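As recorded in Swiss-Prot:
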SIGNAL    1-19  signal peptide
MOD_RES   Tyr282  phosphotyrosine
CARBOHYD  Asn335  N-linked glycosylation site
REGION    366-415  region 'Disordered'
COMPBIAS  373-415  compositional bias 'Acidic residues'
Amino acid sequence: MKRIYLLMVGVYLLSLSGAEEGLNFPTYDGKDRVVSLSEKNLKQMLKRYDLLCLYYHEPVSSDKVSQKQFQLKEIVLELVAQVLEHKNIGFVMVDSRKEAKLAKRLGFSEEGSLYVLKGDRTIEFDGEFAADVLVEFLLDLIEDPVEIVNNKLEVQAFERIEDQTKLLGFFKNEDSEYYKAFQEAAEHFQPYIKFFATFDKAVAKKLSLKMNEVGFYEPFMDEPNVIPNKPYTEEELVEFVKEHQRPTLRRLRPEDMFETWEDDLNGIHIVAFAEKSDPDGYEFLEILKQVARDNTDNPDLSILWIDPDDFPLLVAYWEKTFKIDLFKPQIGVVNVTDADSIWMEIPDDDDLPTAEELEDWIEDVLSGKINTEDDDNEDEDDDGDDNDDDDDDDDDNDNSDEDNEDSDDDDDDDE
């Protein structure tokens, strides 16, 4: 029954794609590749695969909605397993109730999470649970943790990676102890942070790197931050990256969106929406870059850029939740706890704020002058006005009674 259901769902989801030769989108073939993991087969699975992808889930309840949600997750995993079948990656499920002892041994704590075991490392996937995102994430994981840059064209390719944190080191050769320390450090952050290395003196000269020196490139910055006190141990590199891995301006990416969202500052995010492919969005992004470059030394500033094109399924949700129009650039403050938000007034796409105006607005945010409680205070004020209005009504009634009494007295005098 399971196989028939998954086959039908797979066909329904993917059969709308064209079937021309060379563009055959994968459809689920009905073969079960995702298995249940237990204490008995763990050792065998680890020995068999280079990577082991584990979905840690709560027990499947009897209600239909929960069952369908679980089955949709299952078909995503089955499709990914099918696409990557030739890559020696195993896919398993771990029931939190049936395999509680195993989950504790593996260090799993959050139900609904996806983990990847690679050697002695456990990597948690904190991105969108979608087949294409998962495939890209796993392909990045099976690559070498360090990519070598050998010539000018590869330098150009490296320099065009502007929206990700990256490191590049210059070493004597692959046998260098300092290069090996660099490799070990890279494994701690793969695939979320890119590590590059060169053994070419001309490349190093172009990038202004000395022997055994490593440049740390923050997203959207023109110049790298050269890590001090070379040469470095693995521990020193890891410590430096962890200390500096929250950039001034970063992009929300499907592969690590939840981890990024949880990395807030004092419970808030400064969020900017801008479509890079749209002229106004591109212009606004360039203004954001300038602000980030001018304020890169401010540890309290971190702007989260979201390109709506990266998250088409979330656009309607964001517009409803934040009460904004995502067809034009937006920047605001979002409380990560309750999604309360307040947004900068941008009256017209043709009248985007300047870098100076944006900096002034951000300064007000960081000082607390602009905050997500403003709307709540306004609501309270409105309530206060209502109470005042009620009091006024009472006063009016009292005055009316007094007028009536005066009128009665006048009538008595007439009599």
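A Cβ is built for glycine as well, from the same backbone N, Cα and C atoms used for every other residue.
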Q: Can you see whether DSSP assigns Tyr282 (phosphotyrosine) to helix, strand or coil?
A: helix
Q) Sorted by position, what residues of the same chain at least six away from the residue listed as 'phosphotyrosine' have a C-beta under 8 A from it? A) Ala274, Glu275, Lys276
Q | Neighbourhood of the residue listed as 'N-linked glycosylation site', C-beta criterion under 8 angstroms, separation at least six | A | Gly267, Ile268, Ser341, Thr372
